[in-house]
Amino acid sequence: MSVRESFNPESYELDKSFRLTRFAELKGTGCKVPQDVLQKLLESLQENHFQEDEQFLGAVMPRLGIGMDTCVIPLRHGGLSLVQTTDYIYPIVDDPYMMGRIACANVLSDLYAMGVTECDNMLMLLGVSNKLTDRERDKVMPLIIQGFKDAAEEAGTSVTGGQTVLNPWVVLGGVATTVCQPNEFIMPDNAVPGDVLVLTKPLGTQVAVAVHQWLDIPEKWNKIKLVVTQEDVELAYQEAMMNMARLNRTAAGLMHTFNAHAATDITGFGILGHAQNLAKQQRNEVSFVIHNLPVLAKMAAVSKACGNMFGLMHGSCPETSGGLLICLPREQAARFCAEIKSPKYGEGHQAWIIGIVEKGNRTARIIDKPRIIEVAPQIATQNVNPTPGATS
């Protein structure tokens, strides 16, 4: 996917001050309910969940359900499983078309974290803000829908329905469903000591989109202008937008090639939160230790300048449509990282070895002084495409 021209509201006969991100008070997957609260809310659902003999069932047909990002439900016939996920987010960028693509990629990401590369069907969930004027609604929402549809087509699937409602905030999401044979998905519970942790997108998207909005807010911009330039912010924002819109499908396919043992995608709970959740699911007594944090260029400095506001260095900063965190055999990890960069998969794919799996008690942690890997923007080398339907 090529880089796009910056969204210009006036090209769509909108006021130049129009910002999609103003139609929600939370950003992206920053809408997540805190993990501890979520677990308590789900307790009543889990009480009577899967009363069958789990050991027998697991040996015959793997199953995942409440508390996980994706459900894997054995079907009654044919040795197949239903694999399904749902997700929604709030606007995190101001380009409606790209926001649609990001929303779709975010929904699909939970399938990809299971190593599933084919999606049979998608539904779109759309909340149209009642604060949008008729003109804004009629110009902006079709762009969002088109972006969602285009991303679904890139993923080899289609949108066949959904639900659209009025809402105070713009809400974007969907449901992704597929039917799989057991060899088409990878259960996220087989990490072993000696594995390494690989991450397939840099961190810092939430920081990049936040500071991009600060360009219009002098009192906030003044806090960080000594550590970052306007050009740095613009590049980080564009890079974040392209990363969020990029599907994790290539990484999902390579999980099979290089014998991945477990994976999750990095979204609203941050790198550490999702690593902890994945560690809890492991069959073996292991723990994850993260040594390296790949971060969008200059965003680590911005985060430090803001104190603990973002939580980036502590692993708690939310990501939207982030990369996959994959447990790979040590001897396979470097080959995975090299292969994902191959031009045959298109531009923009990267991966980093960020930590290890060791014997432990199913926890995850970041070392006291992790190495920050500054990830330079790649967009300068890519073509720029205009927004669909814009008038010159």
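Glycine too: its Cβ is placed from the backbone N, Cα and C atoms.
The annotation active site is assigned in Swiss-Prot to C31. Swiss-Prot lists K32 with the feature site 'Important for catalytic activity'. Per Swiss-Prot, the feature ATP binding site maps to K32, G67, M68, D69, D87, D110, G161, G162, Q163, T164; the stated evidence is similarity to another entry. Taken from Swiss-Prot, the feature Mg(2+) binding site applies to D69, D110, D265, supported by similarity to another entry.
Shown on the structure are the features that Swiss-Prot records.
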{"residue": "D69", "record": "Mg(2+) binding site", "contacts (Cβ under 8 Å, 6+ apart)": "T85, D87, D110, A113, T264, D265"}
{"residue": "G161", "record": "ATP binding site", "contacts (Cβ under 8 Å, 6+ apart)": "L123, M124"}
{"residue": "Q163", "record": "ATP binding site", "contacts (Cβ under 8 Å, 6+ apart)": "L123, L125, L126"}
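Ranking the binding-site residues D87, D110, D265 by the number of CB atoms within 10 A of their own CB puts D265 at the top. Neighbouring residues of the recorded Mg(2+) site, listed in sequence order and excluding D69, D110, D265, comprise T70, T85, D87, S109, L111, Y112, A113, M114, T264, T267 (Cβ within 8 Å of the Cβ centroid).
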